[in-house]
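Asker: Below: one structure in structure tokens.
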Amino acid sequence: MQYQTESWGSYKMSSLGFGGLGMVADTGLLRIESLASESAVVIFSVSTCCMCHAVKGLFRGMGVSPAVHELDLHPYGGDIQRALIRLLGCSGSSSPGSLPVVFIGGKLVGAMDRVMASHINGSLVPLLKDAGALWL
């Protein structure tokens, strides 16, 4: 079995070029951009989601203190979740793979599958080091 050695879909929110690509900047995307840049590691989560709990545990177990935004408790959680689903390219608002969503160094890493694949293939630690979230 082979794993991809580079992070998938990593890009800065500002590189989306809201105006340049003909995309209309909506409030959800602007909130994501702002929140994703507040800390080296940012996790958008739901407080009752077991996959979200696992990702938070992974980072905390590595000695990383992520900023966690529980969307079910956030006043704009619904807008943010819909915008995250669009960013990930998920088909529906109840898409099972949509949360958690992780940003490292302001760049979108992705949902649980991409975070775990990056961890398994060894590319997660360098991302964390580059973002200043991990000192090894």
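Here the Cβ of each residue, glycine as well, is placed from N, Cα and C on the backbone.
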Asker: Say which of C49, C90 is recorded by Swiss-Prot as the disulfide partner for C52.
Answerer: C49
Asker: Looking at the disulfide-bonded residues C49, C52, which sits with the largest number of other Cβ atoms within 10 Å of its Cβ?
Answerer: C52
